[in-house]
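Colleague: Just dropping this structure here.
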Amino acid sequence: MQKQAIFQSKLLPYALVAPQLAVVLIFFYWPAAQAVIQSFLLQDAFGLSTSFVWFDNYVELFKDPAYFETIVRTFFFSFAIAVSSLSFALLLAVMADKPLRGSMLYRTLLIWPYAVAPPVVGVLWIFMLHPSLGVLARYLRAAGVDWNPLLDGNQAAALIIVAAAWKQISYNFLFFLAGLQAIPKSVFEAAAIDGARPMRRFWTVTFPLLSPTIFFLLVVNIVYAFFDTFGIIDTMTRGGPGTSTVTLVYKVYSDGLLGGNLGSSAAQSVILMVMVIVLTGIQFRFVERKVTY
Amino acid sequence: MALRHFGAAAAFAVTVGMSVSPALAVTEIQWWHAMTGANNDVIVKLATDFNASQSDYKVIPTYKGNYADTMNAGIAAFRAGNAPHIMQVFEVGTATMMAATGAVKPVYKLMAEAGEKFDPKIYLPAITGYYSTSKGEMLSFPFNSSSTVMWVNLDELKKANVEIPKTWPETFAAAKKLHDNGHPTCGFSGSWVTWVNLEQLSAWHNVPLASKANGLDGFDTVLEFNGPLQVKHLEKLVELQKDKTYDYAGRTNTGEGRFTSGECAIYLTSSAFFGNVKAQAKFNFNAVPMPYYPDIKGAPQNSIIGGASLWVMGGKSAEEYKGVAKFLTFLSDTDRQVYIHKASGYLPITKAAYEKAKAEGFYKDQPYLETPLLELTNKEPTENSRGLRLGNMVQLRDVWSEEIEQALAGKKTAKQALDSAVERGNVMLRQFEKTAVK
């Protein structure tokens, strides 16, 4: 099947896409280009003295072994956040999809947390798990657990991953639920008649039919984990203890906004941008093959 | 419907615009600050009183978020060409502001050009030293200043039969006793880990934190806080962290609740914590001077300040500067300083205001409000205790905190951590030096 619109005038199609293109150029490409330019400059916070330094900002970054650690850590965090929030959301969606009394209420309640801004999520979890402020932390300590994410890097990392994943569960849940409801019931009935048990029905029917949704969410979640988590990190750990929760995007934020080092911050954003482009490319090139539309 | 709203809004905008614009030639002075709660009330009252005292100028205070937010907003506004006239900047932003020649108007120049009477000697040198060049020229106007003090829970100390400690060894011993007597999770602790355990510790013992008078004499400064005193101190903290005789409470002041809740009976943090302590603590408390190591000759020296100062931004008209200068003179008034001191708990910035509060017997009821002043004026400030001026201080502190956390978590020795903090910090200082306007 092929779709082809016929335009009388050669200019009309261009005129029709022009507004969209303008928006994309002004709000996406222009700032991106600015970041690239800024990454070649050395500038003070006030923009009073500017010098062109070629690739110095990049060279400095790659000379720093800590930067590689940050890259590895970011990939680990993103993977952990994406996998945990996707699997948990899928579990919830499958359960909420069952014919239950009051299922609308469950669904609504599950969607709500999506409206919470990342820094608020951070503060929320702080109130539960901060070693001196947290309510849950007090119980944990009372139960004999040495809970101290201020000094234990693994606990801090776990805290960030859980909070960031939690924030994304609602969003994933929404898509999964819609995806599940789009699967015709007759397919399940046929499988049930053939004697397939629920788990088998899920893996052989639901999962493949849901694969486009899963794939879309995988991309979205990885981009989320890469870019949108600095608010959570800033409110919860500020990158500590040590550097155990510094991710690439948090480093961009802290170097640029806290440190006023715009050149290096811009160079890091450019690297981040390239990484996400490559990552998304890989996903579409290789993961998408497993997707059946 | 939408259009009608728009029409109404436009009409409203026009009326407002007309009613505010010229007629009276009042020069507006924008004042961006980071004060909330009771301190915000103080700011509003100061502006209102000033506006009522004369009719040529109008000071308009605007809250811009926390210290870092206010500073970033000011920098962004400057880049966009509409900076405020006066900006409240926390002490760690001092070097960044100072390096921005042209973006700021030094206060001593402003006062001279505006023809305002201005004698830098009436201000407390321990406070103004932080904001002055090595020649004593005041660059920004001190506004709210505090210092590190040791908060003690008198009830718990009594219960554990502990005297208020004066030295560090006494503090460690007291913490041990507290730890064994009902405080298993915290013998003592503190906020702002680098401020208390590196910056103040160094000044208090007259030991350099960095070369060139801690950066006051130039941006080509090098960090030097990996000396024996600081290493010994951190080693002790690491040792005490193991059984929570000392328990780390984070990089900022998020752990302060551990004092007011009674969990930690000894807690080192800013004197500006007093408002919260007063409101929340259900026990007798006091704030006493920071401990010192008696084996260090000459200790204790004097402490350095925290808090913020007012920076005047560059590129404004002579008329506007005149108003700003008048406002600063207004703030320097003795009675006004006494009012600010009493209402906010921050330090008075003039000698006369301090004397007056003392004469009124203010410190008899609230001795903890005099403690930071006694620390600051303990001795004539030296090269090592006049203040700090290091570029990118906010981020520097994060890097130092990272290393201290590594030591406390047992991943590095105290010496390794401080060496690494110095090394990483120096890289950042060189970076800052490159971008500073010459």
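Including glycine, each Cβ sits where the backbone N, Cα and C put it.
Keep in mind that this is a model prediction, so the values were computed, not measured.
Pasting the feature list from TrEMBL:
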| type | residues | note |
| --- | --- | --- |
| TRANSMEM | A:12-32 | transmembrane segment |
| DOMAIN | A:71-283 | domain 'ABC transmembrane type-1' |
| TRANSMEM | A:75-96 | transmembrane segment |
| TRANSMEM | A:108-128 | transmembrane segment |
| TRANSMEM | A:156-180 | transmembrane segment |
| TRANSMEM | A:201-227 | transmembrane segment |
| TRANSMEM | A:266-287 | transmembrane segment |
Colleague: So which of A:12-32, A:75-96, A:108-128, A:201-227, A:266-287 has the most C-beta pairs under 8 Å when paired with the transmembrane segment (A:156-180)?
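Modeller: Highest pair count goes to A:75-96.
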Colleague: Any contact between the transmembrane segment (A:75-96) and the transmembrane segment (A:266-287), i.e. 3 or more CB pairs below 8 Å with pairs at least 6 residues apart?
Modeller: no
Colleague: Against which stretches of its own chain does the transmembrane segment (A:266-287) lie, if we need a Cβ under 8 Å and a gap of at least six residues from its ends?
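Modeller: Residues packing against the transmembrane segment (A:266-287) from afar: 32, 35-39, 41, 57-58, 61, 215, 218-219, 222-223, 226-227, 248-249, 251-252, 255-256.
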Colleague: Residue list, the transmembrane segment (A:108-128) vs rest of chain: Cβ under 8 Å, 6 or more residues beyond ends.
Modeller: 92, 96, 134-137, 159, 162-164, 166-167, 169-171, 173-174, 228-236
